[in-house]
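Enquirer: The structure is given below, and queries will be raised subsequently.
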Amino acid sequence: MRKSPGLSDCLWAWILLLSTLTGRSYGQPSLQDELKDNTTVFTRILDRLLDGYDNRLRPGLGERVTEVKTDIFVTSFGPVSDHDMEYTIDVFFRQSWKDERLKFKGPMTVLRLNNLMASKIWTPDTFFHNGKKSVAHNMTMPNKLLRITEDGTLLYTMRLTVRAECPMHLEDFPMDAHACPLKFGSYAYTRAEVVYEWTREPARSVVVAEDGSRLNQYDLLGQTVDSGIVQSSTGEYVVMTTHFHLKRKIGYFVIQTYLPCIMTVILSQVSFWLNRESVPARTVFGVTTVLTMTTLSISARNSLPKVAYATAMDWFIAVCYAFVFSALIEFATVNYFTKRGYAWDGKSVVPEKPKKVKDPLIKKNNTYAPTATSYTPNLAGGDPGLATIAKSATIEPKEVKPETKPPEPKKTFNSVSKIDRLSRIAFPLLFGIFNLIYWATYLNREPQLKAPTPHQ
């Protein structure tokens, strides 16, 4: 049987087409194969980087000083505790350095890794000099980022919450300002081994988020950066410092302390306008205002640490207390002179009562009447021609009017003391002058921002 030439040609054409398609599929790798190749290359690069790597040794050991560049992004600042003299800050802390042992060549220029790789390489032993407590966030995984470029430069970022010490000078409280420092550096490496530098210019090395302030009693004015050397018994260390400048808001204290003190002083001066005879009312005014000032003084100190010096608020309360107490002493003085009679225009004279003249009286029908004496003369010889005088007569009483002096002119009682008149002017005037000097002095004073040098 003989095959037809047409069928044979068609068969050969199909075979040729299939072989061509098959060849193309083998020549172009699929997407899965391409991803598999990248993963393999990535794994080989990491294995090669860690092959013979000793993370106990710093980069450039014995050859050069390791330079660590840092910058900080503040996500949240506050709160600030005056009583404990500390503040809380939440930051993204970035460090960058170069490690020639981690150079690589491959299809990618940057290796983006997580915290697992960070534990296998050398990282700076940075700590916060004035930190009381620092927390590295671990939810849901450790908040750490590591990037390695092909030239061996590393970027290491972590999220931290730091509670740091903020030394405060409260002489100007509550018109005070503070510079809260954040100081960090290497714990074990001296400046001959590891030095720190700011990544960018000072204005951009520390950035605070626009909505990062968590302050109720302060305004965050800005931040400044600096660096220095600290000498300790184990050597000289580089210390990086950031100062956060804070200005206290006075509104809360005006409402809570200053206005009540001013109103209490004014209330104590109301007693000068009361009559000096109003002893109970003026006593209540004096005692009540003194007790009120005592209560305000105690409550104002509760929110502050127990410092050995007087603050601006202490001086204000002390002067207000002196005004209130002086008003009470003024009333005591007025009352003293009133009782002695020196506050009258003239002394009061009480007219003497006329003395009654006693006459011999006899009682007749429950009435008393003066009587005359009966005389019976005896004449010698008993001459009957002579009349015997024996007469008894009742004499009508005459009213005896006592001698009266013309009444003295009535003295007018002066109920307003000269001391009260003087106090009505002197006390408000002196208190106004004090307020003018006080507020002009403290509101225009330049705050002294001091920060102690850290010690290791």
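Cβ atoms here come from the backbone N, Cα and C positions, even for glycine.
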Enquirer: Check whether Swiss-Prot assigns T88 and S303 to the same side of the membrane.
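Expert: The record shows them together on one side of the membrane, with a shared topological domain name.
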Enquirer: Of the residue ranges 104-125, 148-169, 192-213, 280-301, which one carries the transmembrane segment annotation in Swiss-Prot?
Expert: 280-301
Enquirer: Give me the mean pLDDT over the topological domain 'Extracellular' (302-311), rounded to a whole number.
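Expert: Across the residues of the topological domain 'Extracellular' (302-311) the model's pLDDT averages 86 on the 0 to 100 scale.
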Enquirer: Going by C-alpha positions, which of the recorded positions (N138, C166, C180) is nearest R94 (4-aminobutanoate binding site)?
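Expert: Nearest in space to R94 (4-aminobutanoate binding site), counting only the recorded positions, is N138.
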Enquirer: On a count of neighbouring CB atoms within 10 A, which of the disulfide-bonded residues C166, C180 is highest?
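Expert: Sorting the candidates by Cβ neighbours within 10 Å, the top entry is C180.
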Enquirer: Compare the C-alpha of T157 (4-aminobutanoate binding site) with the C-alpha of each of the recorded positions N138, C166, C180, and give the closest one.
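Expert: Looking at Cα distances from T157 (4-aminobutanoate binding site), the smallest one goes to N138.
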Enquirer: What's the number of neighbouring CB atoms sitting within 10 A of the CB on T157 (4-aminobutanoate binding site)?
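Expert: Counting Cβ neighbours of T157 (4-aminobutanoate binding site) within 10 Å gives 17.
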